[in-house]
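Read the structure below first, then the notes.
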Amino acid sequence: MSVVTRIAPSPTGDPHVGTAYIGLFNHTLAQQARARGEEGKFILRIEDTDRNRYVPDSERRIFQMMAWLGLTPDESPLQGGPNGPYRQSERTAIYGEYARKLVEAGHAYYAFETPEELAALREAAQQEGRVIAVPSRDLDPAEAQRRVDAGESAVIRLKVPREGETVVNDALRKPIAFQNREIDDKVLLKADGYPTYHLANVVDDHLMGVTHVIRAEEWITSTPIHVLLYRAFGWAEPIFAHMPLLRNADKSKISKRKNPTSVEWYMAQGFLPEAMLNFLATMGWTHPEGKEIFDLAEFQRVFRLEDVTLGGPVFSLDKLRWMNGKYLREVLSEEEVAERLHAYLASQKHDLPDDDYFRAVVRMMIPRMDVFSEFLEKTPYFWSEDYPVSEKAQHLIEEGRPFLPELAARLKNLPSFDPATTEAALRAFAEERGLKPGKVMQPLRAAIAGTSESPGMFELLEVLGQERVVARVERAARGG
């Protein structure tokens, strides 16, 4: 069976994690069809008909997000394809043609009400607890056509049946029945020739051969309109599956007020795309073997649409950070982490040499960071002598100042600076002074790193190197 899926984001702002989430499942269904030897196609089209909210750079950023995630579409405005154009703003003539076909068939009508008239009609309908009744619905079609031909401004509205019900079949739910009397006559084509979401969505999905409409559950209430349109055109309906919405911890719909929703924020923070995909895959779905860490290929191997659960999945930033840390420590090799961290730092305009010193610092920090943006925050003392000294570290330096000059001399005279040598020397130094080792090592750490928290002392000494360590201890001893 052919599987043709799509996502249709609107270029109205930041590329949203919700687009990535829905894109993952649509991409996966198409890939699974290919793996079975069937046709599988994933389409990305741009729904840019809301010109009031259009943001010029947003489309490029959507493509950038999809490329970062590795969810490459088979057809899109970028690479084209047999079903183009893929921007709705370039398809207005198509929508006008199909809207007029519905008028000719008696499934839609021209409506001439002014905004003021519509406001009054809506108020009356609200007071009476019913959907709006549009007078133009009862106009003689020939009279309506004459007015349009004369240049009068009109929209085209769907003529929803007055009686009966429209049933939505959803692959994740029991059939949902909507009473037709509670569905208003939606505008399909605006007076300026631009379509509404409902018409453009259905026409595009049909003409592009979409077989599966996988989208967020917020579109369920729009689906009876789409079902009525499919029936009015005489077209077969696709399979609908409405995915659970991503939620904040309080179960409210995810929003940037409570969680970063722009994928660009996660990119800038240094999250890995593999971890983001892994995390999004667990939103409403559980690996059949209980695995928490798995790659995209594994997800495509075991995912089944019918296994999606509908309880609102919580988008936990803490869980995503934990998962990203697992990738750094357990999935990627040290070499891969170093290479990708260096590329990330370069993208953030931090020019560090990719040398043995850099890689030694990376090796120490892998257990101590969850995302790449933490790397420089936690390692300023590796890259500059002008590193910050915390208040606690300053206090520790003051405590150790009586013995720091002698400690500097002892470290300076060591024949080597490997961990075994420095550990033995520091423990001997503490014992000679009748101190516990920590009473020596804590001021030393504060002096060479400006913090009371750092990687293991002896590894830290080796990576910083004897010359740098001695100079810093001498400076701290002088009170500098």
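Think of each number as a place in line: the chain as shown, counted from 1.
Each residue, glycine too, has its Cβ placed from N, Cα and C.
Listed in Swiss-Prot:
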MOTIF     9-19  motif ''HIGH' region'
MOTIF     253-257  motif ''KMSKS' region'
BINDING   Lys256  ATP binding site
Outside the motif ''HIGH' region' (9-19), six or more residues from its ends: residues with CB under 8 Å to it: 44, 46-48, 50, 53-56, 58-59, 61-62, 64-65, 216, 245-246, 254, 261-266, 280, 315
Overall pLDDT for the motif ''KMSKS' region' (253-257), taken as the rounded mean: 80
Remote residues contacting the motif ''KMSKS' region' (253-257) - C-beta distance under 8 A, at least 6 residues beyond either end: 17-18, 218, 245-247, 315
Within the motif ''HIGH' region' (9-19), residues counted as helix, strand or coil by DSSP: 3 helix, 1 strand, 7 coil
In the chain carrying Lys256 (ATP binding site), residues 6 or more apart in sequence that have Cβ under 8 angstroms from it: Ser262
DSSP helix/strand/coil residue counts for the motif ''KMSKS' region' (253-257): 0 helix, 1 strand, 4 coil
